Amino acid sequence: MTDKHNKKYVVALDQGTTSSRAIVFDRDANVVSQAQREFAQFYPQAGWVEHDPMEIWATQSSTLVEALAQASIEHDQVAAIGITNQRETTVVWDRHSGRPIHNAIVWQCRRSAAICAQLKRDGLEDYIRETTGLVTDPYFSGTKLKWILDNVEGARERARNGDLLFGTIDTWLIWKLTEGKVHVTDYTNASRTMLFNIHSRDWDARMLEVLDIPRSMLPEVRNSSEVYGNARIGGVGGGELPIAGIAGDQQAALFGQMCVEPGQAKNTYGTGCFLLMHTGDKAVKSTHGLLTTIACGPRGEVGYALEGAVFNGGSTVQWLRDELKVINDSFDSEYFATKVKDSNGVYLVPAFTGLGAPYWDPYARGAVFGLTRGVKADHLIRATLESIAYQTRDVLDAMQRDAGERLRALRVDGGAVANNFLMQFQADILGTRVERPVMRETTALGAAYLAGLACGFWSSLDELKSKAVIERVFEPECDEPRREKLYAGWKKAVERTRGWDDGEL
């Protein structure tokens, strides 16, 4: 790009589960402006979740225009657009009209559970894990796509005739931004569909046959950092902007944290927790209940990671606030937790919806252990925060065993990282330093970095690493005997919650 030195900004489109955002970054990776719009959630039946793809497009395209207008930025000052998105959510549309044939089926939606059960009965569970790196679960796109083709009248015939297209949200947005000229996805999003062979890096013929999905529906799969096409944008003067970066939200956060080498890991502390550890160019098969997924290498090329999800993180603090009403605000939890020197032997296991990685026990249920008359609300609040750190260690221990890599440091992002007590206890229970960055918008930043590298806005990974400023490092302050004693108590508590809901209570 001949005029790249005249460009001042990169825009990240961050399409999430509840809102669409656009964030403008300057050359120093500072946020210049941002816009956000929420959209409707639809729950047609228990366990079903849908979005309107046209509303996603409307909110995302308007935030792009708003963010540029907010800072009086003209399109010719923007080097590129990067896209990061909620993963697995599935859209099917008519290639001629551009209209979706059904609402988007969201990653949380469980409607394809019966399809997954049939895949297991057919003995495909091991094949799916070996080939795609995933577990056989409705979470992923493949069975959602099959459900749409099976349940929308005429969809199967239209798909076989080449009239329908499939995409995750990144693909849908790029199709709309390029006015139907470009039908692509990146390797990180493709690896979440349960249709993609992460070793050959191509759509898997056997999975397509099993689920009866025509290959003609599927997008071209490209690297996470390259120019895919030009976005037509509205606003003053209109214009075109190159779309030059794509990554699923968790992989984008991993790249935004500059975790691009084996053993580097990040944890996003949100409602739940998402942990990813980079494993370099090696797809590590997990024997400890983790997913093997594609991540971004140093220049946006294919790398691999292990991924584990904790179901209840920040949601556990919300439970203290909303149901038990022992705090008025989530931020208060740090104050009360530090009023006592320890949890007084109390362990809270927040298995409200079962346990995620590495246990994968849907029948576990939440419990509090170690209650005595000496236990106060402050102890329970402290035990609740500690449970987030313990669950994180569960996943990281599994990652280190699978990868044969020692965790160098844990990089953190998400809302709960503002809690200094939690971050310090996390370092203590891991025996590893925890690094909290100045820039908290790591997901959007990752998408911006990928786009900026592709178009020459940033020249190298070293340049990006120089911008990754750590606001605070939490060093372990707990000696090993105490650390292991505390963690042994947690493991004992978790074991007592396993298999609790046997259907007889």
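Cβ atoms are placed via backbone N, Cα and C, with glycine included.
Per Swiss-Prot, ATP binding site is recorded for Thr17, Thr18, Ser19, Thr271, Gly314, Gln318, Gly415, and the stated evidence type is sequence analysis. Counting every protein chain shown, 16 other Cβ atoms lie within 10 Å of the Cβ of Gly415 (ATP binding site).
Under 8 Å, Cβ to Cβ, and six or more positions away along its own chain, Tyr139 (sn-glycerol 3-phosphate binding site) finds Glu88, Trp107, Gln108. In the three-state DSSP classification, Tyr139 (sn-glycerol 3-phosphate binding site) falls within coil. The sn-glycerol 3-phosphate binding site annotation in Swiss-Prot covers Thr17, Arg87, Glu88, Tyr139, Asp249.
As annotated by Swiss-Prot, ADP binding site applies to Thr17, Arg21, Thr271, Gly314, Gly415, Asn419. Annotation note: Thr271 (ATP binding site) sits in a coil segment as assigned by DSSP.
Positions annotated as glycerol binding site by Swiss-Prot, on the basis of sequence analysis: Arg87, Glu88, Tyr139, Asp249, Gln250. With a cut-off of 8 Å between CB atoms and residues at least 6 apart in sequence, the same chain places Arg87, Thr268, Phe274, Leu276, Glu307, Thr443 near Gln250 (glycerol binding site), listed in sequence order.
Here the C-alpha separation of Ser19 (ATP binding site) and Asn419 (ADP binding site) works out to 24 Å. In sequence order, Phe331, Ser333, Glu334, Leu385 are the residues of the chain that are 6 or more apart from Asn419 (ADP binding site) and have a CB within less than 8 Å of its CB.
Within 8 A of the CB centroid of the sn-glycerol 3-phosphate site residues Thr17, Arg87, Glu88, Tyr139, Asp249, the other residues of that chain are Asn85, Gln86, Thr89, Val106, Trp107, Arg192, Gly248. In this structure the alpha carbons, written CA, of Asp249 (sn-glycerol 3-phosphate binding site) and Gly415 (ATP binding site) are 15 Å apart. Taking only the Cα positions, the spacing between Gly314 (ATP binding site) and Arg21 (ADP binding site) is 22 angstrom.
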